[in-house]
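Peer 1: Got these off TrEMBL a minute ago, pasting:
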DOMAIN    53-129  domain 'Ig-like'
DOMAIN    135-226  domain 'Ig-like'
DOMAIN    528-599  domain 'Ig-like'
DOMAIN    605-694  domain 'Ig-like'
DOMAIN    699-794  domain 'Ig-like'
DOMAIN    798-894  domain 'Ig-like'
REGION    986-1008  region 'Disordered'
DOMAIN    998-1101  domain 'Fibronectin type-III'
DOMAIN    1106-1202  domain 'Fibronectin type-III'
DOMAIN    1206-1300  domain 'Fibronectin type-III'
DOMAIN    1300-1393  domain 'Ig-like'
DOMAIN    1395-1489  domain 'Fibronectin type-III'
DOMAIN    1494-1585  domain 'Fibronectin type-III'
TRANSMEM  1593-1614  transmembrane segment
REGION    1711-1809  region 'Disordered'
COMPBIAS  1735-1746  compositional bias 'Low complexity'
COMPBIAS  1754-1765  compositional bias 'Low complexity'
COMPBIAS  1798-1808  compositional bias 'Low complexity'
Amino acid sequence: MGVYVNLMFPKSQGWEYIDESITADHDEDLHSSLYFVNASLQEVVFASTTGTSVPCPAGGAPPASLRWYLATGEEIYDVPGIRHVHPNGTLQIFNFLPSSFSKLIHDNTYYCTAENPSGKIRSQDVHIKAVSREPYTVRVADQKAMRGSVAVFKCIIPASVEAYVTVVSWEKDTVSLSSGQRYLITSTGALYILDVLPEDGLNNYRCTTRHRYTGETRQSNSARLIVSDPTNAEPVILDGFDHREVMINHRVELPCKASGYPTPKYRWLKDNSPLELDSRIHQTTSGLLIESTQPSDSGTYVCEVWNSYGTAEVMGRLYVKQPLKVVVSPRKVKGSVGSKVSLSCSVSGSDEYELSWYRNGEIIYPGNNVRFIGLNRENLMMEGMSKSDGGAYQCFARKGKMSAQDFVQVILEDGTPKILSSFSEKVVNPNEPVFLVCNVKGTPPPRCTWSLDDDPVIKDSHHHLGHYETHEGHVVSQLNVTHTQVQDGGVYRCTCSNSAGVVYHQARINVRGASSIRPMKNITAIAGRDAFVHCRVIGYPYYSIKWYKNSALLPFNHRQRAFENNGTLKLSNVQQVDAGEYNCKVMVQPNKMDSQSVHVRVRVPPYIQPFEFQRFTIGQRVFIPCVVMSGDRPLDITWQKDGRPIPASLGVTVDNIDFTSSLRISNLTPDHNGNYTCIARNEAAVVEHQSQLIVRVPPQFVVQPEDQDGIYGKTVTLNCSAEGYPPPTIVWEHSKGAGVPQFQPIPLNTGSRIQLLSNGSLLIKHVLEDDSGFYLCKVSNDVGADVSKSMYLTVKIPAMITSYPNTTLATQGEEKRMSCIAHGEKPIMVRWEKEERIINPETSRYVVTVKEVADEVISTLVIMPTLREDSGFFSCHAINSFGEDRGIIQLTVQEPPDPPEVEIRDVKDRTIALRWTMGFDGNSPITGYDIECKNKSASWLSAQVTKDVSPQLNQATIIDLHPSSTYNIRMVAKNVIGNSNPSNELTITTDEAAPDGPPQDVTLEPTSPQSIKVSWKLSHSYTGTIRNGVIRGYQVGYREYSPGGSHQFTIISVDSTGDTTESIVLDNLKKFTQYSVVVQAANRAGTGPSSQQVVTKTLEDVPSRPPENVLAVAKSPEVISLSWIPLPREALNGNLQGYRVIYWANLPDGELGEIRNMTTSQPSLELDGLEKYTNYSIQVLAFTNAGDGVRSEQIYVRTKEDVPGPPAGVKAAASSGSEVYVSWLPPLKLNGIIRKYIVFCSNLHPMVMSEFEASPDAYIYRIPNLVLTRQYSIWVVAVTAAGHGNNSEKITVQPLAKAPARILTFNGTVTTPWMKDIVLPCRAVGDPPPTIKWLKGNTNGTPTPVLVDGRRIVYGNGSFLIRTVKAEDSGNYSCVASNNWGSDEITLNLQVQVPPDQPRLTVTKTTTTSITLSWIPGDNGGSSIRGYILQYSEDNSEQWGSFPISPSERSYRLENLKCGTWYKFTLTAQNAVGPGRISEIIEAKTHGKEPQFAKEHELFTSINSTRARLNLAGWNNGGCPITSFILEYRAVDSGTWTTAQRTSLTKSYILYDLQEATWYELQMKVTNSAGSAEKRITFATLNADGSSGGLKMVVTITSILVVAVLVFIMLMVLKRRRREQRLKRLRGGIFFPINLLSKNTRTPDTVNKQQQTLRMHIDIPRAQLLIEERDTMETIDDRSTVLLTDNDFGETNKQKSSTVTHTVHYQSLSQATGPLVDVSDARPGTNPTARRTAKAGPAAARSRYASQWTLNRPHPTSSSHTLTTDWRLPTPRATGSVDKESDSYSVSPSQDTDRARSSMVSTESASSTYEELARAYEHAKMEEQLRHAKFTITECFISDTSSEQMTAGTNDYTDSLTSSTPSESGICRFTASPPKPQDVSRVMNMAVPKAHRPGEDVVFVTPSVHTTRTCQFTLWPPSALIQLPSASHPKDASP
C-alpha cells in the first residue's frame, strides 16, 4: 500500500514543473549534479576483531564534498587507529579491543552528505554496530515420539545473541547429520527425524552454532529421544510459529508439525479462508513453503491439524516487507523569488512511516511561510520564497530501521511585475463609456489598483473594476467607466505590485465639458528636498495651465519648473523663500480663466555637524559635542548608546544648551564601549549622527592553563581564557614529548578531533598517546604586550587484556590453571570473577599468582581441586586508574548428575500434574527417574514409587487422589554412574471446586454519563454445595450492548465484602451508550457460571465537540446568515435538542455589545435586527437535555454598509468679520466608513448656497469670505460609499468684527485605559483670540483650576494633556474660553478604565477524567470583558497550563485529566486594558484513589522449595487504571534485591530459582495516577523434603528483630540530633525582641502622640506583618517598630462583644512558571505561589490591587478604616480603653473595597524563612498572657513532591512542638491559647508586664481569672516552609 497525493500547481504562480517522464534529458539534468550510489545501504554490523569500511552512498558531478555526521548532526572527526574518513568519502572503523569500545563510535547511527554548487543532499541513516565476543551457551531439550511418527529437536539459543547466531550442523553420536531420506534440517535450524524407529532412542543428539560476525562456535548438550509404541492420541504441536517477517521476492518457510496417532492431517487457511496451493505456495514435510513472496502473502495463517482423537492448530502472522520507496513530485521546479511552491512526497512499501523534509541537508520546520499538509506531512507548502530557499529538497520516509528518500531541485528566478500592454491618453464625450486595461505579468501574480488624480477609484454604479488571469499566467486588470461626466476626467494610474516589486502606468483621459480645477490641499515641503504641486484640471478643452506666486508667472528661477501639459509644478531643492501662496490659473475659454490657490509651508530639518571619537584607553576622560548647525526650532537633542538610551549606571553626563548637546565621561571603562548616536528632532525631520567609542584594554588571563592528565580514548579540555578589548585572540601550540619544548601550531579544521572552544579552551576528543606533551596558550589583541602560558598534558593508558584462553576443560577433583596477560599504565590490578562474582584469592581452593614480564602483567588462577560448581564462565579483569578490560574463559567440569527440580504443573481436586527440570546431567545421559508419593502423615517407607520413568519425559500426572488432601512428592534421577540425591520435596493440597451457580438479582443503575452502579445478591438458596468453598470475590463483565453480542466483555475483579448485597461502580464508560453486564461468583478454585445479561444505558451528557465549518455571510446591513455541519451522533452524547448561537457586537470604541443567543433545531439560522456595518463575534454550540456542549471557535463577520446617520452635533462660531468656523460630531450611527463630510452654507438674502467638502477625519471647517453681519444657515452631511446621510440640524451664525469667545469642542465623555496619556481638546475661536482655563470638579461641587505639573500640561491650542492617567484623574473637567466680548464653557467627563475584578470561581462537577468549573464575573473595570484565561496545575507541579475562554461563557470543563489527582485552578478576566486580578486559587480532585490490597485475599497460591506462586487478584485499582507494578524480593540475609517491573497487573506471578528452606522478604508497589500502595510480607520456602524451616527459621526471625531494633534506635538518635539543631537555630533568634526595642528611637513626643494606638508590627526581614486598629489615618515619619500596648491584650469582665476590624498588609506575588498570584486571595492549603520566590505585581487603582488582610478581633465599638500601604496610623483612642474578655485573632481577605477604589496601592514582594517564623513564634510567647499557653501548629502544607499535610502534636502549658523541619517552602500557622479557667491558678499571681514604648514606665496588672485568649498567626512564605521546633526563653528575655 502507498500514499500518493496529487496537487495541482497553477502556472499563474510562476512555477515551471517538469515531470521526469517528459524527456530523459530533464531527468538527466536533474541528477547530473547530485546523486546516490547505493541508496539501499541501511545497516552495517561487523566484528570488533575485523573492523569495517563504509563508502558514502552519495556523490555528485562536478565532484561533491563528502562528509560524515552522527545522527545528532555532529560532524564526526578522525581518531587515529580507531576511526578515519578517507578523501573519497569512505568511513573506516578499525578493529579494536573490547576495552576500546565506545558506543559513540562503535554502536551509533551515521549519515553522509554530498555538497557542490548545485546544493547539498544527505544519505539515508546507516546504523553501524560492532559486535564483540560475549559468553553464551546453547542447549537442546529431550524429546519424545511414537514409532513411525516425527520427532523435532530445536537448538535453543539465548535471546541476547539470537540475532547473530545460526545453527550450522546437527550431530548424532558425534556423526554429522545432513538433510536426506529420514533427516531434515529446516531453514530455522530445527532437526526433523522422520518415520521414527525404536533405535533412534539409543542415540544422543546435539547441535553446533556459529556466530555470524565473530566466527565463534558453540556445541550444545546431548539430548535423547524417547520412542514409544503407537497409541491413540490427539495431535500435539511439535514445531510452529507465531510471527515471520520476510522481504518481498524472498522465500519463507512456515513450520507446522505435530505428533499424534493416527497420523494427523494438515490444512492451511489464510485470513480465515482455505489457502489455495500452487507452484509458488506448496506444503512440505515441515510446513508451508512460499516462493518469491508478494505483499499479498501477508496475513494470518492457520495450520489446522486433526485426527480422529482431536485437533490442534498453529496460528501465526506473516508480514512481507517491502523496501520503502519515495518519489517527490514535481521532478523539477523553476520559479521566482517571492513565489509559492508546493512539493508532494509519495511513499510506497508501507502504510506506517514517518516523513521528514530537508532543504540542502537541513531539516525543515513549519513556520510563517512553511507549512505541512496531510496526515503524514506528505505535502510541503512554502510561500514568499527567497533566493536562499533554492537548492535540493529531500523527503525522507522512516519506519523502524528502514528508510528511503528522494529529492528534487528548486531553481528560483526574479519575478518583478512588468506591464505588457496598457492604455493611452484620449478625449471622450460625456456619457461615452471609457474602458481602460493593464496587462501585467509577474510572480507571484501581481495585484492592481486604480487611481484618478492620485485619489483611489471607488467602485460604484458608474465605475466597475475587474481582473482575471490568462492561461499564460498574466493578470489583466480593467476599469470601466460608464456614463462619463466631466469630473471623471483626469490622470488615471494603474499600479501593480507583488512581493518582488511594483510597476505603474498612467495617462490622461479628457472628458469634454466645462473645464475647472479640482480643490487642492495645502502642502508642507521639507527644505533641501524636491516638492511637487499638482493642478488637477477636469473638463475639455482647456487652453493653458499657468502657475503664479505673488502675481509673478512661474518659473522665475532655475529651481522652478512648470509642466503646462499636466499642470504639475516642481520645486527643486526647496528653500525657505519658496514658502507662500501659489495660484494655478487655467484658461478654460478664450478670455475666461479659472484659478485655485494652495499654500506651501517650508520646514527646515536639523543638520548635525559630524563628529568622531578618537582612540581611547581605559581610565581616560572623554568630551564630545553634538552641534545642530541648522534647522527649525524648537529642537530636541538626545543621545543613545547602541540604539538605546544611555544607562545611568555608566556615569555619562549629557549637557544640553540651546542647539548643542555634549557628552562627558570622566573615567573610561570597558562598559563604555559602543556606538553613540546624537539624535536631533524638529517638526520637519529626525536626523542622527553616530560614532563608535572603543576603549582599548590590554589582554590578561582569566583562567591560566595548568598541567593536567588525559585518559586514552576520553575527552579532555585544556582550560585557558582571557579578557581585553578588542576581544583577544587565543592561539594554541603543541610540543610532543617531555623534552625541551619545540612548539608547533595546532591545525584546527571543521570536524577536527581537536577544537578551539569559544572561551579559548582547547577541546581534545578521544585522547591518543601522541597527544601528550607541552601546550602553549598565546593571547593577543594588539594592545600592550601579548601574554602566554604553557602546561603539560600527561596521557594515561587504561588497562587492556591481550591474551587469554577462550574455552578449557577440567575433570572433577583435578588441579586447573588459567592465565591472562594484561597491558597498560602501571600499577595494574588483575581481578578474577566467576559469572560476575569476585573470586577471593585467599580461599582454600582458589590461588591467584601475579608476575610482571617486561611491560606485561601475567595473572594465573589455580583451582585445586575442581568441583562441580566450578563449571561456567570465568573472567579476568585488568584494572588501573584509567580503565579496565576483561577476558572471558569458559570452563567445563564433568561430574555426576543433580537431582531434578520438581514443581507443580497443575493441581485439581483429584489429580496432581508434575513437571521437572534436569539441572546438571554430569555429562552422562540420564537413564530414568523414580517418582515417590505419600500421604503427609505417612513415612517415606510406605510411599508409592513409580520407577524408571523415561528420561525423555519431563512431566507426569498423579491420579486417583482425594480432594482437599495433603501429599508429599519427590523424585530421584539416575544415570550409569548412580542415583542422585532425592529432589526437593513438594507438599500439595488438592483444590476446591468452582461454584455451580450465578449470583442473583443483578440490577443496574446509571449514575452518570460514564458510570453504572451494578448490584447483586447471594440468596439463601446459594448453599455451600453450590458455592463449593468460600466466596472470595466476583467477576463483573461488561460490554457495549448489541443484538449479536459482537463486543468482548471487559472483566473486573471485585473482592467479597461478606454482605448479602454487593455492588461496584463501572467508570470510564461511553456516554449515552447501552451496556450489558454479567456477574460471576469466584472462590479459590475458580469462577462459577455467569448471571443473565442485564442491559441499561449510561446517562446523557453535553456534546463533546463543537459544530464544524461554521460559515457566516452578511446578507444586508442588518442580517447575517449562518450555517454549519450537524454534529455526528458519536459526539452528541445524548438526544440533540437543538443548536444555540451566541453573538455579540464588537463596537468601534473597542467595547463589546450585549451578548445574545438564539436557538434553532436546524443547522442554519439568520440573525436580523443587527447593527449596520458592525463586526460581530459568533459562536455555535449544540445542546442536549444535559446542557450546552462545546462552543465553536469565534468567527467574525461584518454587516453591510449603509448610508450614515446625521452628525450628532453641529456648532458654528464667528472668528472675525469675514469668516466663521464650523465644528461637528460624527454620526451616532456611522453605518459604514465615512468617506467625507459636506458642509453647507446658505444665505437667504440673496439666496445663495455653498458646499464645502471636508476629509472624513476632519471635524472643523473654516468658511472664509463671508459678509459682515449677514446671517448664514449652516448644516453638515456625512457620506459613505452607500451615499449621503441625513442632514444635521441647521444652525445660524453671523460674522462679527468683535467676535466673542466660543468653544467649538463639544461636551461629552472621554474614556481611556489607565496608565496611558490622554489629551482633552478645547478648540476655541474669537476676536481677539480667547484665553483658555481648565477646571476640575471636586466633591464639594466647586470646580478648581487643574494642577499643571510634569504630568499635566495645557497646550497653546487649549488642549489639556494628562500623562500616565490614573484612577483619581477621573471626573468632570471644564474648559472656559473668554475674551473681551464674551466667554464659553464646556465640560468633559473623563472616565479611566482599569483591569477587571477577579471572578468568583467554583467547582460544579468532577469525574475520573474531567472537572467542570463555573464562575461569576466581577466588576469589568469600566470596559467590556474580552475573555478569560483559565490556568490549571497538578497539585505538586510547578508547570501551569492555560486555556483562553470566550467572554460569553460562564463554565468550562477540562477533559483528559489524571484520575484521582488534585488540581489547582485560577481564572483571570481580560478587558481592553488588560488582564485583571486572578481569582482565588481553588482545588479539586478527580474521582479515584490509589490501589489497595484486599486483606481477605491470600497472597500465595503455592510455595515449594524453589518456587512461589503469587495471587495478585487481591489488588484493587481504586477506580484508576494501574500504570506500574514493581515486585522485589530477597533472602533476609542478602543485600541484593531481585526486581521485576510491569506496566500492568497480571492475575498471578511466579518467583523462580529460590533457595530451599530460606526466609525471604517480599515487597510490592502498585501505582496508578492517584498514587501508589505498597505491601510487604515475609515468607519461607520449604525444605527439599517438603517440610518447613525449623531452626533456620528461628535464627532468621531473630536476626530480623535485632536489625529492626538497631534501625529504630538509630532513627531516634538522628531525630534527637535534628531537634537539638533546630533548637539551637531558634535560640539564635532570642534577641529579636531586644533588637526591636533598640530600633525604636522616636522622641517621647511622638511616642506620647501614639501612646494609646493599637498597633503591632512584627518587623521580620522580607516578611512584614502589620496589625493596627482601623481608625482615622495619620502619617508617620518612619517604619520603626512599636510593641503592643496594654490595650492590645487587656481584659475586662463587663463589656459585651463587638468587632473591630484591623488590616494586615501583605504583598502581591507573581511567578514565572505559574499564574499571577495575589496573596490576598489565597487561603490555607491552596499553595498560592507554588512556594517559590515571587515578583511584585503592578500597582492598581482599584481595591483589588491592594493586597490586604483583615484581622477580626472582638473589641469595643469604634470606627472602621482600611490601612493601605501609605503607612498611616489611626488616631489615638482614650487612655485606659480595654478589650473585652475574649480576644481571638484570625486572618481573612479584606472586604473593604469601596474605600480602596480611590487610592493607589504599591505592592512589594514578600517571603519568609524557617527562622523568621520561629522569631514570630518567640515574640508571641514573650507576651506574659501567652507564656503558659498551648501552642499548636494548626496547618503545615508542604510543597515538595509528597504534598503531605502535617499537623504537629500539642502539649498543654509547654513550649514543645514535635515536628520535623522540612527544608522546602510551604505554609505554617500556629495558634496560642491561654490556660483554661481551672488551670489559671498556676499563673494567677504572676506579674504581667504591660507593653510599653520608650519613655514610659512599666505598669504591672493582674490578669482576670476568666480571660480566654487565642492569638492565631499565619505566615504565607513563598520561598520556605516553616515548621516550628520546641524552644524556651531564658528568664531575662522579657519584652
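Just so you know, glycine gets a Cβ as well, placed from its N, Cα and C.
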Peer 1: In the domain 'Ig-like' (528-599), how many residues does DSSP call helix, how many strand, and how many coil?
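Peer 2: The counts are 3 helix, 42 strand, 27 coil.
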Peer 1: Under the DSSP assignment, what numbers of helix, strand and coil residues are found in the domain 'Fibronectin type-III' (998-1101)?
Peer 2: 4 helix, 52 strand, 48 coil
Peer 1: Report, as numbers and ranges, every residue of the chain located at least six residues beyond the region 'Disordered' (986-1008) whose Cβ falls under 8 Å of a Cβ in that stretch; write 'none' if there are none.
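Peer 2: Distant contacts of the region 'Disordered' (986-1008): 902-904, 907-910, 912, 914, 936, 961-970, 1014-1019, 1022, 1025-1029, 1031, 1034, 1062, 1065, 1075, 1077-1092, 1094-1099, 1407, 1502, 1504-1505, 1582, 1586-1587.
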Peer 1: If you count every Cβ pair below 8 Å, which range out of 135-226, 528-599, 798-894, 1494-1585 shares the most with the domain 'Ig-like' (53-129)?
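Peer 2: Most contacts with the domain 'Ig-like' (53-129): 798-894.
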Peer 1: Restricting to the domain 'Fibronectin type-III' (1206-1300), report the mean pLDDT as a whole number.
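Peer 2: Per the prediction, mean pLDDT sits at 90 for the domain 'Fibronectin type-III' (1206-1300).
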Peer 1: In the domain 'Ig-like' (135-226), how many residues does DSSP call helix, how many strand, and how many coil?
Peer 2: 5 helix, 43 strand, 44 coil
Peer 1: Per DSSP, what is the residue tally for the domain 'Ig-like' (699-794) in helix, strand and coil?
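Peer 2: Counts, helix then strand then coil: 3 helix, 50 strand, 43 coil.
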Peer 1: What are the DSSP helix, strand and coil residue counts for the domain 'Fibronectin type-III' (1106-1202)?
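Peer 2: Counting residues by DSSP class gives 4 helix, 53 strand, 40 coil.
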Peer 1: Tally of helix, strand and coil residues over the domain 'Fibronectin type-III' (1395-1489) according to DSSP?
Peer 2: 0 helix, 50 strand, 45 coil
Peer 1: So how many of the residues in the domain 'Fibronectin type-III' (1206-1300) end up helix, strand or coil by DSSP?
Peer 2: 0 helix, 52 strand, 43 coil
Peer 1: Using DSSP, how many residues of the domain 'Ig-like' (798-894) fall into helix, strand and coil, respectively?
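Peer 2: Within the domain 'Ig-like' (798-894) the tally stands at 3 helix, 62 strand, 32 coil.
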